[in-house]
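A short worksheet on the structure shown next.
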Amino acid sequence: MFTGGADGNGHLPRPRRPRRGGLGGGGIGAPPGQGASTVQPHPAAPPCTDYDMAYFRAYSHIGVHEEMLKDHVRTSTYRNAIMHHQDLISGKVYAVDASDIAIQAMEIVRENELSDKVVVLHGRIEDVIIEEKVDVIVSEWMGYMLLYESMLGSVIFARDKWLKPGGLILPSHASLYMAPITNSQRYHDSVYFWRDVYGIKMSSMMPLAKQCAFMEPSVETISGENVLTWPTVVSQVDCYTIQAQELETIIATFKFTSMLQAPLHGFAFWFDVEFNGPVRQKSKKQANQSLDGNTQNASPSSKKKKPDVSIVLSTAPEDAPTHWQQTLLYLFEPIELKKDQNIEGSVTISQSQQHARFLNICLKYFTGDQWYVKESVMR
């Protein structure tokens, strides 16, 4: 997506797993004097690893971008956010992408006779040269489970190096949610199928089927009917103030109470992002008070009704589906829950030491007088 800006802007590469798609986020200009951007020393660019190069190559495939552009919820919400803030937007755009799709982006710019307004820079945001400060940064950095792929670090880099004080960042805030879920159909399709395969007993395959189906997180679409409780907030991100080191490890505690009697098959994660101007950004103290107060076990839909939230892109099960879907951590063995039974514990999400774009996930939870641990790697 290409957008316009007043005096320049930063546009960030938007890689994602090869089965998802879209053109990289655009940057646009906003007037100085609104809000305040955290002033940081210019960060040193991280090295570009072999993992990074393979990651960027995956985003050279047109199918990735086609899928993301055809995600109507995603694309229309970004368009609406840009139009909502159009009084802050005019002038030159720097469109930055690390993959070779930037070459096609240059052709699109020429095809639409926008060469006088849009400058396509082929390279990492950490490596390109922009000769001026920018007013607006627009990026679609969110990965599965919000933080997969670690693209937010590039937004932080661009913010600290190029964004003017009072500049606009879209999206501005993000929240990651989790909730216990039930999904008997998934177990039937992936595991119990092996009990009788066209009249042949294959139950011996079931342990292997569980390992193959549920060892790693699964990205799929569920509905609100699969969710057993109100969700809890795992993490909140303020793009105006967040620092890269805060993303290395996230730890959250939770306590759920099942609303019905059903088997617990796993836990689901999803996110939403808000497109607020810098004037509306919260202080860290206010954000913490909000997290400790009403949002800890609140429906994400209720967040949309807040008067200070203009536009929200949600990937919640009860909302229209997106290419992000939801991220599911399935248990190898379901747990039978009674109505009003508690599930409490903690979740730790950390960047992998093997490759920072991967996520290590550790769930520790207690229910029915027993502790359980589920560990997984999203790669």
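Glycine too: its Cβ is placed from the backbone N, Cα and C atoms.
Annotations in TrEMBL come from automatic prediction, not curation.
The region 'Disordered' feature in TrEMBL is assigned to 1-44 (among others).
The compositional bias 'Gly residues' feature in TrEMBL is assigned to 21-32.
Summarising the annotation, TrEMBL assigns domain 'Protein arginine N-methyltransferase' to 173-277 (among others). Under DSSP, the residues of the domain 'Protein arginine N-methyltransferase' (173-277) split into helix, strand and coil as follows: 30 helix, 44 strand, 31 coil.
The feature region 'Disordered' is assigned by TrEMBL to 282-309 (among others).
For 286-298, the entry in TrEMBL reads compositional bias 'Polar residues'.
Confidence for the domain 'Protein arginine N-methyltransferase' (308-368), expressed as mean pLDDT, is 95. As annotated by TrEMBL, domain 'Protein arginine N-methyltransferase' applies to 308-368 (among others).
Mapped onto DSSP helix, strand and coil, the domain 'Protein arginine N-methyltransferase' (308-368) counts 0 helix, 34 strand, 27 coil.
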